[in-house]
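Participant: Here's the feature list from Swiss-Prot:
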- Ala90, Pro91, Thr92, Gly93, Ser94, Gly95, Lys96, Thr97: ATP binding site (BINDING)
- 428-443: compositional bias 'Basic residues' (COMPBIAS)
- 447-475: compositional bias 'Basic and acidic residues' (COMPBIAS)
- 77-249: domain 'Helicase ATP-binding' (DOMAIN)
- 260-422: domain 'Helicase C-terminal' (DOMAIN)
- 425-481: region 'Disordered' (REGION)
- 65-73: motif 'Q motif' (MOTIF)
- 196-199: motif 'DEAD box' (MOTIF)
Amino acid sequence: MDALKLLTTNVKFKNKVPQPSIKEKEAKKLQGITKGKAKVTGNNPVDPIEEFPEGILCENLKKQNITECTTIQRYAIPTIGSKRDLLACAPTGSGKTIAYLFPILQKLQLHVPGGYRAIIVAPTRELCEQIYRQAEKLSFGTSLKIIELSKSNEKIQEKAPKLREKYDMCIGTPMRLVQAIQTGLSFEKVEFFVMDEADRLFEPGFIEQTDHILSACTSSNICKSLFSATIPSRVEELAKVVTVDPIRIIVGLKDAATDSIDQRLLFVGSDTSKIVILRQMISNGELKPRVVIFVQDIERAKALYTELLFDEIHVGVIHGELPQAKREEALAKFRKGEIWVLIATDLLARGIDFHGVKMVINFDFPQSVHSYIHRIGRTGRAGNTGQAVTFFTKEDGEYIKLIAGVMRSSGCEVPNWVMALPKPSKEMKKKLKKSPPKRKRITTRASYDRQKEQRKKEYIKKVKKEASIKKHNEATGDSGQ
């Protein structure tokens, strides 16, 4: 790698075509998500539809200002409606949720007591909540009953198992669904089974739970659908095992981001420079709310949140250690615009839909191509445009080729010297995915100040402990001698 180029170049990738007018942009946005190319393979694929079938579901979509089918919806709706197993890969923000909810709700038609007839599995509580909200909107005015398995209603169902017969569709994370099965939940009447973010559900930590759930679906008439924005070859092989004669739909290029995102690589030198450069971007007015900033882990999320809080920025944070109520509160404030900048770990990278996210910043370099695609997919959704900026250090340089490949396949222009960089080996990619690099702490305070603050905290802790012991001794009459 040419170190001089890395040290002196901020690489910006723009679409090759001249910038069109605003009116042309709007037309192109709509055309991109509704008339995009799709590669369909499998035995006797079903013909695509051109518009949503008329009826109450279509009317409910119109209330959300959704009047045209996206590409994935044109192909997936008739496929699932014909009860064909499906493996679907489409860019983030292309309407995958409606692509499977619409045909399932249409086929279920009316509420039928006796147990769940449709199961939707998603890797995170936040994504399940989002799917549930869309299902409620779409089924409004029907007699269909939908439930999202969560901590709040789990105990109610355990105490009153017959309540389960009230619902037609169940949405939940693998853990929640496995727990429900263990308490007596039956999936024997399930007609439709959907895996959203299927590649994640086939990863270690989820695959055993996913297998448990699939084993509980014993109906011979079940239709299985797997959706994701990225589907690695390994996942395709596993999908063939759990599906029967599936139709495979790939919208656009496999493992590519949508072309509605302006992607940029920004060399920052070292980890310690990142916060300074981020503040420069803020002061230059480069950050247009709303912004999502991705970091490598929970500790770095907390640290960056503290730094930006001191700058009096409307900032929030979401990570796995936050209680569910706090996570939901942060997401709600971000949606309402009360929070302008949301700091997140990869917990937020998958599936969650925010309207109006203008920019994504990868403060820490993503650990895989799939992580990159899902992260930047929080912007440029539903035909809107967005920006994605990825910080990289000298240590990250050997992995740039991975990201550059995604950029080029997404229709962006990439300098030849970047494409000439060697590809990281399989071993290097596995190492990065398994164990992210150790990074220096996020702070602009001097080491002396940090040590001073730590000593102060330790002193306060010691004083409180001594006071507690003294109070206990006085209460028990123990002199401590």
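For all residues, glycine too, the Cβ spot is worked out from N, Cα and C.
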Participant: DSSP on the motif 'DEAD box' (196-199): how many residues come out helix, how many strand, how many coil?
Facilitator: 2 helix, 1 strand, 1 coil
Participant: What does DSSP give as the helix, strand and coil breakdown of the compositional bias 'Basic residues' (428-443)?
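Facilitator: Summed by class, the stretch gives 7 helix, 0 strand, 9 coil.
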Participant: An 8 Å radius from the center of the Ala90, Pro91, Thr92, Gly93, Ser94, Gly95, Lys96, Thr97 Cβ atoms defines the neighbourhood of the ATP site; name the other residues of that chain inside it, in order.
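Facilitator: What remains near the Cβ centre is Thr70, Ile72, Ala99, Ala229, Arg381.
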Participant: Counting by DSSP secondary structure, give me helix, strand and coil numbers for the motif 'Q motif' (65-73).
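Facilitator: Helix (H, G, I), strand (E, B), coil: 3 helix, 0 strand, 6 coil.
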Participant: Which residues does Thr92 (ATP binding site) neighbour through Cβ under 8 Å, counting only same-chain ones at least six apart?
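Facilitator: Looking at Cβ-Cβ distances below 8 Å from Thr92 (ATP binding site), excluding near sequence neighbours, one finds Ala229, Ala257, Thr258, Ile373, His374, Ile376, Gly377, Arg378, Gly380, Arg381.
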Participant: With every protein chain in view, how many other Cβ atoms are within 10 Å of the Cβ of Gly93 (ATP binding site)?
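Facilitator: Around Gly93 (ATP binding site), other Cβ atoms within 10 Å: 25.
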Participant: Under a three-state reading of DSSP, tell me whether Thr92 (ATP binding site) is helix, strand or coil.
Facilitator: coil
Participant: Averaged over the domain 'Helicase ATP-binding' (77-249), what pLDDT does the predicted model reach?
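Facilitator: Average per-residue pLDDT within the domain 'Helicase ATP-binding' (77-249): 90.
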Participant: By a simple count, how many Cβ atoms lie within 10 Å of the Cβ of Gly95 (ATP binding site), its own Cβ left out?
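Facilitator: The answer is 25 other Cβ atoms.
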Participant: Sort out for me which one of Ser94, Thr97 has the most neighbouring CB atoms within 10 A, since those are the binding-site residues we care about.
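Facilitator: That would be Ser94, with the most Cβ atoms nearby.
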Participant: Counting only residues 6+ away in sequence within the same chain, which have a CB under 8 Å from the CB of Lys96 (ATP binding site)?
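Facilitator: Listed in sequence order: Ile72, Ala76, Ala88, Ala90, Asp196, Phe227, Ala229.
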Participant: Sequence gap of 6 or more, Cβ distance under 8 Å: name the residues on the same chain that satisfy this around Pro91 (ATP binding site), in order along the sequence.
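Facilitator: Once residues fewer than 6 apart are set aside, Pro91 (ATP binding site) is near Ala229, Val251, Gly252, Ala256, Ala257, Thr258, Gly377.
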Participant: Around Ala90 (ATP binding site), how many other C-beta atoms are within 10 angstroms of its C-beta?
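Facilitator: Result for Ala90 (ATP binding site): 27 neighbouring Cβ atoms inside 10 Å.
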